[in-house]
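According to TrEMBL, the protein carries these features:
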type: DOMAIN; residues: 77-121; note: domain 'PAS'
type: DOMAIN; residues: 231-364; note: domain 'GGDEF'
type: DOMAIN; residues: 373-624; note: domain 'EAL'
type: TRANSMEM; residues: 12-29; note: transmembrane segment
type: TRANSMEM; residues: 49-67; note: transmembrane segment
Amino acid sequence: MKLWQKLVINPAYQITLIYGVIGGLWIAFSDQVLAILSNSPYSVTVLQTLKGWFFVLITSILLYYLIHRETQRLQLSEKRYRDLFLSHPQPIWVYDLKTLKFLAVNEAAIAHYGYSEKEFMRMKILDIYPDQKSGFFRSLTLDNPENIDLGNFSQHQKKDGNLIEVEILSHQLQWKDQSAQVVLAQDITARIQAERQLQRYAFQDFLTGLANRSQLIECLKYCLESPVDSQNFALIYINLYPLKSLRYSWGYNLAEQLLIEVSHRLQNCTGVVDIVARVDSEDFAILIPDFVDIECLNSQINRIKNQFITPFSLNGINLTSAIHMRIVCSEFNWKYPEQYLQSADIALFYAKKQGKSATLFYHPQMLETITQRETLEADLQKAIAHQQLHLNYQPIIHLNTGNIMGFEALVRWKHPTKGLIPPVEFIPIAEETELIIPLGQWVLEQACRDLYELQQQFPDLSMSVNLSEVQLHHPDLLAEIDQIIQSNNLDYNHLKLEITETNLMKSSANCISILTQLKHRGIKILIDDFGTGYSSLSYLQNLPIDILKIDRSFVKNLQYQGKDLEITKTIINLAKCLNLDIIAEGIETPIQKEILQSLDCEAAQGYLFSRPLNFEGVISFLST
């Protein structure tokens with residue numbers, strides 16, 4: 001806007017301009033008008049006097065009008081601003097920059113802070129800053145009011161003592177010839193609380209109140225970025241066992257109570273600077289930011305173990321929980337927190353293989369082994385999908401007659417680059433990843449298909465197929481077995497299913513029910529590797545089994561005297577007492593055969609009779 005435009009809209013300039021214009025016109029033309037109206041000197045004198053009074057009257061009226069108009073305009077403007085000030089929904093106040101006393105407050109400030117207007121007028125701005133009365137305004141001086149800085153965010157105290165979080169907007173102005181500051185305070189307490197809640201959700205476990213995985217990663221970053229080169233930190237991962245079965249047995253509420261109690265015990269055995277976190281549904285972690293040496297770390301590990309010796313008492317139920325611990329130390333000098341977490345997971349895999357309450361320190365060779373295992377798992381998945389596996393069959397011989405009673409189906413995998421891979425390497429992987437479900441179904445289908453072909457010439461043959469615990473838990477197992485047997489026109493009593501003693505002892509009531517239903521169909525149930533597990537005799541007699549298979553470890557060193565002979569004799573006598581048949585595995589010598597015959601063992605299999613054969617080899621073996 002140009003200067004003349006600013007002057008035109010200025011009220012003082014307008015009044016002066018109008019007065020000047022009218023006065024100038026009056027001076028310029030009033031005498032001429034009088035000369036026209038009268039030629040008499042006396043009349044001219046009278047008219048000159050009247051002219052002066054008329055000029056005074058006119059200018060007075062004009063000045064009154066102009067000043068009154070501007071006064072009304074200013075009053076209206078002031079009223080609008082005052083109404084805006086008083087009715088604004090957010091607290092607003094004005095205070096003196098020198099005395100720091102309140103000069104004015106609006107209705108929102110009175111309602112929000114709880115003080116009356118009179119109380120505000122007796123107060124200073126310091127009175128609503130609880131924690132900053134001595135320091136926040138220390139920089140303020142009477143000579144330098146421009147140093148006042150309320151900041152953008154602050155905390156105020158209301159009359160009732162409650163604290164609120166506020167966001168400040170302020171501006172300096174003149175208030176009745178005083179240097180003052182007008183302040184608008186927006187209450188953001190609810191927003192701050194919501195942000196803190198979101199922060200808790202982002203970095204805190206909702207159930208236990210511990211740090212979560214994200215918070216643990218941030219703490220690891222801090223340790224990794226620490227300028228202290230000599231700082232040693234350790235990450236201890238703790239896996240609860242068996243939390244999943246506890247959920248199924250006792251319900252989720254009890255499992256959650258256990259997790260809460262575990263969090264309390266872990267906090268009780270850690271230091272002030274240690275970070276305890278829940279990183280997964282059944283995994284906890286403890287970050288020790290600084291430890292002196294390995295002895296101190298081992299002491300900490302032992303304290304953690306001791307926390308799990310005492311049973312957990314929950315709702316009148318005493319529960320014990322085993323743990324797997326794996327430890328990753330800062331000695332590897334990795335750059336990223338995720339590398340430590342991944343290493344802890346790798347160590348967990350090995351800890352679980354060592355059994356309950358195993359504790360392992362991570363070392364790099366574990367990663368190499370895990371990588372090889374993952375590669376083998378991927379190759380196995382391809383092999384199952386593309387039917388790259390095949391079956392071999394080992395004959396089961398009646399010891400007294402020498403007749404072939406049947407065959408055991410044994411799965412084999414010839415890898416395209418690695419050659420023949422032993423079942424002991426890929427079967428555990430299949431069970432852990434549940435690839436055993438499609439693999440087991442294929443084995444059963446192929447074995448039954450081959451049995452049907454063999455029964456065209458040898459109708460009395462039977463087929464034994466191994467069954468894993470994972471398959472027993474599969475809901476479609478019974479339907480799949482029915483479909484396979486019926487589609488191949490086989491009798492149920494020609495199929496035998498083998499389950500190891502260890503897996504059978506771990507089986508749930510539902511698995512036992514499945515085996516019972518299979519037995520009622522006519523399928524024979526065998527306990528494989530008998531003698532290597534921990535069977536209870538009272539439990540054994542109630543299982544739906546038909547045959548015990550003596551493990552090859554007892555047959556291998558079988559002589560006419562010794563412990564293996566006594567153990568084998570005991571197993572055979574036990575089977576007779578329970579009306580069970582006996583098959584011995586791993587017979588390789590005539591002496592082993594003779595001893596088993598003398599002990600009245602009914603059947604056997606092993607290299608003495610035949611190695612595992614492919615289908616064509618089975619045909620030739622049966623024909624000789």
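All residue numbers here begin at 1 and follow the chain in the order shown.
Backbone N, Cα and C define each Cβ position, glycine as well.
A mean pLDDT of 89 is what the model gives for the domain 'EAL' (373-624). The helix, strand and coil residue counts that DSSP assigns across the domain 'GGDEF' (231-364) are 58 helix, 35 strand, 41 coil. With DSSP classes pooled into helix, strand and coil, the tally for the domain 'PAS' (77-121) is 23 helix, 10 strand, 12 coil.
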